C-alpha cells in the first residue's frame, strides 16, 4: 500500500517534528497536508493544535486508517483523493498553509497548481515541501544557476532549503536524499505594474536555449509568428501580449532596441537566462512594454 503511488514513507518522528516546526503553525491556522501516508507528520502537526488540518491521501487504505484514527478529533479532516484535483477545483480556505511530503514525480505539477498564472487567486500563506534534494536546490537557486522552475516559484515568495533529509529516514528507502523547502511571504505583489502572462512568456523565451546568450533567444523567439507552447511544468502563459495599450504590441519593437534595453536594465549582453535575477526579468519586461 502506498508504494504503488510512488510514496516513500517518512519513518523519523524527529524529522516530522522539524518539518512541523518549520511550518510555524499558530492556533488560528488551517493546514493543508498533502500525502499524510501513515500519519507520522499529521501527528506532529496535530500537536501544535491548529484550527484545522485537512489531510489529502490518495491511497484508499491509508485514508481509511487515518479517518479511523482521527475520527473523534473535530479539527482534523481526512480526504481521500488526488491533491491535484483538489487544487484545480480550488475549494481552498481563504488563508492556509501547505505542508507536504510528496512523491518526487508530483513536484513540478504541484508547484504549478499552487503558483501558476492560470491557477485560482487563492495563495497559501506558507508552503513547506519535502522533495528530492536536487529539485529543492533548483527551486531555491540564485544567479548564475537560475532555471525556469526557480523563476516561476521565486516571483511568488521567498524560498530557502531548510534542511536535508537523508534517504535512510524513509521506507522504502529512495535512491536519493530529500530536502525540506520553505516558500514564505507569498503574494502576487511582484506583478504590480506588469502583466503576469507577459512576464512568463518573456522568461519562457529566454530559457528556450539555455546555452545561448539571452539576447539571442529573445531576438529569435519574441517575434515568432506562433506562440510558445506550455512547458512540462505548465507555468508559462501561451500567448504574448506585450504593449496592450499600443497597436501592434511587441511586433513594433525593433530588434536593435534590445541591446539598448539590456544596457538600461544593467543586464550584460553576454548574459544567459540562468544569470538573470527575477528583478532584472521584471525590468526587461517593463522596458519592453514601454517601447
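Note: Cβ is positioned from N, Cα and C throughout, glycine not excepted.
According to TrEMBL, the feature S-adenosyl-L-methionine binding site maps to 8, 10, 35, 57, 82, 101. With a 10 A radius on its CB, residue 82 (S-adenosyl-L-methionine binding site) counts 14 other CB atoms from all the protein chains.
Taken from TrEMBL, the feature domain 'Ribosomal RNA adenine methylase transferase N-terminal' applies to 15-187.
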For S-adenosyl-L-methionine: widest Cα to Cα gap among 8, 10, 35, 57, 82, 101 in Å:
20
Per DSSP, residue 101 (S-adenosyl-L-methionine binding site) is which: helix, strand or coil?
strand
Around the Cβ of residue 8 (S-adenosyl-L-methionine binding site), how many other Cβ atoms lie within 10 Å? Please give the count over every shown protein chain.
21
Entry from the binding-site residues list 10, 35, 57, 101 having the most other CB atoms no farther than 10 A:
57
